[in-house]
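Enquirer: Would you mind keeping the following structure in view while I ask a few things?
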C-alpha cells in the first residue's frame, strides 16, 4: 500500500523516473544558488530574472516550435543580456541594482508577452508559464543535468569571492578585483538555473525551487555550509513529494512541487530552531551565561 | 623613502572637490593622524589613498607599494552582519593576499588566525556568528583582520568611534605596536588628546590642507580655528578651478 503510493509510480513509469532525476538535478544546483540569492537580498531579483528570460524563450519558440533546446538558448541569451546590462548599469552609475534590473525585466517581459501573443496558442502559453516536468525527453534531461553540473563547478570556483562580497564588499574591493566578475558570473548562474527550472516548472515557478528551500534553511542553521545542505535536501524532498502528490491527485506537477515546499516553509517558520515563531514564544528559561 | 606621495591631489564627487590641492609626502614608517571637523574630507582622502576613489586631479603615488600592501578599515563598513559567517572565517579573509581565490588555509595559517583573534582579546569567540557581537567586539574583529593582512601601510578611518575606553586602549596599543614594527599608519581621528599623546605627525584637514607636520607644532588653536570655520556646502554654481597647489607640506 505504502509502497504503491510512494515508490510504485517511479518503478512503474519511466516518465516519473525522468521527472525525479530532473527534480533532483534542479535541487542540487538551484538550492545553493537560492541560498546566495537570499543572503545577498536578491530573492526578488531571481523572480525578476525569471520574467526576463521570457522573450528569449518566446523567440526560440517562434523560430523552431516547441524545441526545448532553442527555447533554452533563447532564454539564456535574454537572461544574460538583462543580467549583464542591469549589472553594468548598476556598477557604472549610482543606480541601485534592483532599480536597474526592474527597468530591464519589465521591458523584457513586455517584449516576451508581445512575441508569444503574436504566434502562440493558449496551450503554448500555459507550457511556457508552468512548464511540464512529466514530459522530459532524454535530450531535455541531459540539458538539465549538464546545466546543474556546470553550476556546481562554477559555484565552487567563485565561492570565496562571492562569500566575501556578500559579507563585506568594500573589503573585497580593497584587496581584489574579483568581486565584480564573481557577481556577474553569479548572475549568469542564476539565469542558467532559471532556464533549467523553466523546463520543469515554467517561468512563473522556476524561481520557487531556488528561493523556498533557501528560506527553509534559514530557519534551521546559522552556518553557511549547513544552510546549503539543508536547502538542497529540502528542494529534493519537495520535488519528490510534489511528484507523488501530483501523480496521486492529478494536481499539475509544477504547482504540486512548490506547494510541498511551501508546507515545509510554513513548518520551518513555526518550528525552526533559528528564529522560528515557537522558539520565540517559548524560548525556555534563560541560560546562566 | 616615502610611503605616500601626493602630487597636487584633488579628490571629490561629481567634480566638486572634497579635498583640494593636497601636496606632500608621508615617510615610510610614520604614524600620522588626520584631523578636521565633520565634512573636512578625511574619509575622502583615505578612500583616495586606498584606491577606491579616483582623484579628480593630481595623483597619489604609493612609493612602490601594491594595493595589496594596504590594509584599510573604513569608518562605516558595509558589512552585512546578518550573513552566517563565524568570527574565525571572517578574520581569515585577512589572508586573502596569501591565499587568494583557491589557496588552502593550512595548519600554520589556522594558528595565525587564532593568534590574531587572541591578540585582540577575543579568545573563545572563534565560532560565534559575527551577527552576535557588540559594536566594540566587531571593531576588535576588524582589527584582527587588519593584523592578518600584514600590510605595510595601514589606513584607519575613525577606528575608535563609539568604542568604550577599555577597547580603545587595547586597539590603540595595537596601532602603536604596528608603528613599532615599522609599518606606516594613517588614522582619521577626532580625539585631539589622543592625537597629542600618541601620534607624532598630524595633518589638519578642512576641505584642503590647513597645516601638516609634527603634532606639537601643528595642533595649535589658530589652525584648529581655521579648520572649524570651513564651509561644508558645495557651491553648485562654482566655476572650474584654475588654482595650483596652494599648500605644500614641509
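Positions of Cβ are set from backbone N, Cα and C atoms, glycine also.
Copying in the features that TrEMBL gives for the protein in this structure:
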type     : residues  : note
TRANSMEM : A:20-39   : transmembrane segment
TRANSMEM : A:44-63   : transmembrane segment
TRANSMEM : A:69-90   : transmembrane segment
TRANSMEM : A:102-120 : transmembrane segment
TRANSMEM : A:140-158 : transmembrane segment
TRANSMEM : A:170-192 : transmembrane segment
TRANSMEM : A:198-217 : transmembrane segment
TRANSMEM : A:224-247 : transmembrane segment
TRANSMEM : A:253-272 : transmembrane segment
Enquirer: Taking the transmembrane segment (A:102-120) as reference, which of A:44-63, A:140-158, A:170-192, A:224-247 has the most Cβ pairs under 8 angstroms?
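Expert: Most contacts with the transmembrane segment (A:102-120): A:44-63.
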Enquirer: Same chain only, please: residues at least 6 beyond the ends of the transmembrane segment (A:69-90) with a C-beta under 8 Å from a C-beta of the stretch. Say none if there are none.
Expert: 49, 52-61, 63, 96-97, 99-101, 103-105, 108, 112, 139, 143, 183-184, 187-188, 190-192, 194-195, 198-199
Enquirer: Do any residues of this chain, six or more beyond the ends of the transmembrane segment (A:44-63), have a C-beta under 8 angstroms from a C-beta of it, and if so which?
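Expert: Hits for the transmembrane segment (A:44-63): 34, 37, 70-79, 81-83, 97-98, 101-102, 104-105, 108-109, 111-113, 115-116, 118-120, 124, 128, 187, 190-191, 194-195, 198, 203-204, 206-207, 210-211.
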Enquirer: Going along the chain, which residues at least six beyond the ends of the transmembrane segment (A:170-192) come within the CB cut-off of under 8 Å?
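Expert: Non-local partners: 33, 36-37, 45-46, 49, 53, 75-76, 79-80, 83-84, 87, 91, 147, 150-151, 154-155, 158, 161-162, 164.
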